[in-house]
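Look at TrEMBL and you will find A:27-46, A:66-84, A:113-132, A:138-161, A:173-198, A:218-240 tagged as transmembrane segment. For A:27-252, the entry in TrEMBL reads domain 'ABC transmembrane type-2'.
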Amino acid sequence: MTPVPRLMSDTALVFGRYARQTLRSKMAVTFGMLMPLLYLLLYGPLLTDVPLGSSGSSWQILVPGLLLQLALFGAGFAGIGLLMEKQHGVIERMRVTPVSRLALLLGRVLRDAVLLTFQAGLLVLAAVAMGLRAPLPGVLIGFAFVALLAASLASLSYALAMKAPAPQAFAPVVNAVNLPAMLLSGLMLPMSLAPGWLDALSHLMPLRYPVDAVRAAFIGHYTAPAVLHGTLAAVALAAVSVTAGTRLFRAAGA
Amino acid sequence: MDAPDRLSISATGLTRAFRTGRGPVEAVRGIDLTVRAGEILGLLGPNGAGKTTTLRMLTTLLSPTGGTATVAGHDLARDPAGVRRRTGYVAQSGGVDPTVSVREELLTQARLYRLRKAEAAARLEELTLDLGLTGLLDRPCGALSGGQRRRLDLAMALTHRPEVLFLDEPTTGLDPGSRADLWDLLRRVRAEWGTTVVLTTHYLDEADALADRLVVVDRGAVVAEGTPAALKARHAGSPDASLQDAFLAITGRTAAPRESAPVAV
């Protein structure tokens, strides 16, 4: 077999293993979307009459943020599963087989992207029940961003888990990255409300661009510069993350 | 002897340094190793001697910082994939997910070793019979006993009929009956398939009973090598002495004070 079909069949194999693992733990699937769901139900109603400095309803501003929050936290903690596997020797047992190192990462990451996109779909349905009205293409663009960011952030999370000297160090590090990422990207409220210095600072946070892009898509502005910038940021992040993740699967002293 | 025995492993100057807060530490410093095809080699040494690091290099899990090695006919550095196709490895911790069923783990491993679906299913049947896993296939791996788990680990590593099998402390924590079972199994694997076996152990009776030849490492270097009888004769005074005495003499950790030499300063 030539390298590309081999990579694909290896990836499908690894994906299958982790997809079955996910299907076995329906609790985890449900609880994984608890955080954005609670924000939707208990925080969303606070915004309906607040001027948010943007066109569209408050739901069109909040729901894109919640979709990316789902990706940020869902994929950010993906490495926890790998930590447990590392302890059981599962990672090394896979790494001594001829399976492609890239596939060991991609199969897992693909599972995360599919799972989080599915959860994003459920979240949007719940949001529609709460009052969200948004054009379908915009929502689909939102899902594409969720999938791409989930893949990037999960790769980074796996890289961190491979590298983490102790499992206890993992969660504090993820939180230390995720909280500033959430606040500085304007996930909860658009950065157009921010004072100049905070707005400037938020431009240094790569996640801000995808957030702005999905908000633009949700109000039907598919050709806005924000969509282009968001796409570029997400693709760049994916390239860096997958490269870093694969390097660690190849070489890590896990 | 006109035809030299075929070598399964030949390593020269194998070295691995780790970076630590206090500068680089050499866990393995220049190990030379040759293992003949079909040989059972016991790797002995105190904790931290570099046994596991050596195995992890020879199985491609860790790249050496120095030296070269050929394993099962493939160069470790130039063709790690070739090495992986022809070697099996059982880590100290084993390598199965306790929540996954025995059947799924065996099938997944066979597919990771690139067996086709039908081949993987046929191999599952064979391994189940050979390694006494009948009736366990649909249990989660976490529900197996220690001895059953070890047999499963071995089945996973034998999936692709490797030429060389590496085992890191395979019998640690097993009861005497399960240990004896595992010894028999390893002897059978070697007899039936000519598999070369390299295992580390802290049990000297195990090394004595199972291994054709022993290599003792200490502080990252080979300090003695030979058949159990030769090591006993050379280091404990007689081929009938205990391997324990030979081991302690080799590693400089004398057990009973015979003539306690003054401590050199």
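Please read every residue number as a count from 1 along the shown chain.
Each residue, glycine too, has its Cβ placed from N, Cα and C.
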For this session: Using a Cβ-Cβ cut-off of under 8 Å, list the residues of the same chain that are 6+ residues beyond the ends of the transmembrane segment (A:218-240) and lie near it.
Result: 54-56, 60-61, 63-64, 134-135, 137-139, 141-142, 145, 148-149, 151-152, 155, 206-207, 209-212
Problem set entry | Criterion met for the transmembrane segment (A:138-161) and the transmembrane segment (A:27-46) (at least three Cβ pairs under 8 Å) | no
For this session: Would you kindly list the residues that approach the transmembrane segment (A:173-198) from elsewhere in its chain, counting only those six or more residues past its ends and only Cβ-Cβ distances under 8 Å?
Result: 39, 43, 47, 52-54, 61-62, 65-66, 68-69, 72-73, 76-77, 79, 157, 160, 164, 204-205, 207-208, 210-212, 215
